[in-house]
């Protein structure tokens, strides 16, 4: 996620973490997002789900699984690595690339980008650039689990799990069982 | 990345090497996209400084840099001031004055890239694209990459490298890198074509090709570099190809999964027969394709992030 890298950050490592979403909340939010995506796009025949590594991919897969259940056919999610399109590449040593996997031709499709936290909007800006070179989707929509505000670019999400007003000194941590030990969204630092 | 130049395959530790190979793996997918371009090195200048003839290495680096949106300046010694007697130093200072972020150098003298990197004539990253009979690290990386795609992780794999080891920078870089990656390397050559000091290399050596075929996971044939030979290293071309050439009977004695490699350019009929070169188990053309992805990975990891001396790097925000 580009967002949290840009935040001015105090040393919050000792501050207690507050859990704002637990596993059930996350599950409910994803189910609701799934239905919203299906409702907005009638049937999901044109929809291509692309997660942004790492946790966006896990979320996209979970949404795809729910979609498959509702629609009664197999829907797969892809992954879109945006590392090479970031605007802050030159501020840090070169990073390792994540896996890009596009399940389908995206020309004329409705691409739903999936990420865990929407913050500055710079990740999504990079993702739109990356998409642009892969094809010409009919529309691009954005689904995020958490919208924490503080946008630096004119970008908004179409599907939001939870709006979470935060201060810039706070840190939002999304944990998912695929890569972490549990499902939870925590806030660290700031006024608890 | 723990290095700022790529001069020798021996400079890479296992983590670095794996990182380059993993990055290349992701970048390989780019070749199948409609737009084969990434914006990552926009505004960076890569100079291809070629003092020696080269086809695939130069165009491979050029393609790699262009696919990452870098500006590429090609320089070849022919038709430049080098033919008027300009030294490497003055050439390097000229390039520095033009703001080269990376210099890809191919030179007929061993150690030229090293000199360029350590003499501080240029601030850019120096990438060795082959120096004399010394090293060719990106070739070793693309060879390892190709092997890994066919054989899986290289730990414990047996790689046989056959032919003119004495004049081969490819053999040396491969021996060093493959050892880092945990593979067992056997060099097979006539005694006259093994370099002095070979006993210090992390390899086994043999004078007999037939005895090392059965266990080989990959066989790499080296070009007999006649242009570097100033003495009779073997009695005749025919005798060489009979004892050290890869032909169909020898190919059939390899394990079923084994692949045949050659860094190119090939002398068909000398170290490899045309039948073997065009065989389905030959990955020689694939090596060239993989070369672009590997060189993109090297350029990205050296130039893509903040540089160690970030004097000219902060202009983007």
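For all residues, glycine too, the Cβ spot is worked out from N, Cα and C.
Marked as carbamoyl phosphate binding site by TrEMBL: B:56, B:57, B:106, B:136, B:139, B:264, B:265. Annotation note: residue B:264 (carbamoyl phosphate binding site) sits in a coil segment as assigned by DSSP. The local packing around residue B:264 (carbamoyl phosphate binding site), expressed as other Cβ atoms within 10 Å of its Cβ over all shown chains, amounts to 17.
In sequence order, B:110, B:130, B:131, B:132, B:133, B:134, B:135, B:136, B:139 make up the list of same-chain residues 6 or more apart from residue B:169 (L-aspartate binding site) whose Cβ falls under 8 Å from its Cβ. Residues or ranges marked as L-aspartate binding site in TrEMBL: B:84, B:169, B:223.
The feature domain 'Aspartate/ornithine carbamoyltransferase carbamoyl-P binding' is assigned by TrEMBL to B:5-148.
Annotation comment: TrEMBL describes B:155-302 as domain 'Aspartate/ornithine carbamoyltransferase Asp/Orn-binding'. Break the domain 'Aspartate/ornithine carbamoyltransferase Asp/Orn-binding' (B:155-302) down by DSSP state and the numbers are 60 helix, 24 strand, 64 coil.
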Interface-adjacent binding-site residues, chosen from B:57, B:136, B:139, B:265 when a CB lies under 8 A of chain A: none
8 Å Cβ shell about B:56, B:57, B:106, B:136, B:139, B:264, B:265 centroid, carbamoyl phosphate site members excluded: B:54, B:55, B:60, B:129, B:130, B:170, B:263
DSSP-derived structure type at residue B:106 (carbamoyl phosphate binding site), helix or strand or else coil: strand
Euclidean distance between Cα atoms of residue B:57 (carbamoyl phosphate binding site) and residue B:84 (L-aspartate binding site), Å: 25
Binding-site residues (B:57, B:139), the one with most neighbouring Cβ atoms at 10 Å: B:139
Which listed residue (B:56, B:84) has most other Cβ within 10 Å, given these are binding-site residues: B:56
Cα distance (Å, whole number) from residue B:223 (L-aspartate binding site) to residue B:56 (carbamoyl phosphate binding site): 15
Cα distance (Å, whole number) from residue B:265 (carbamoyl phosphate binding site) to residue B:223 (L-aspartate binding site): 7
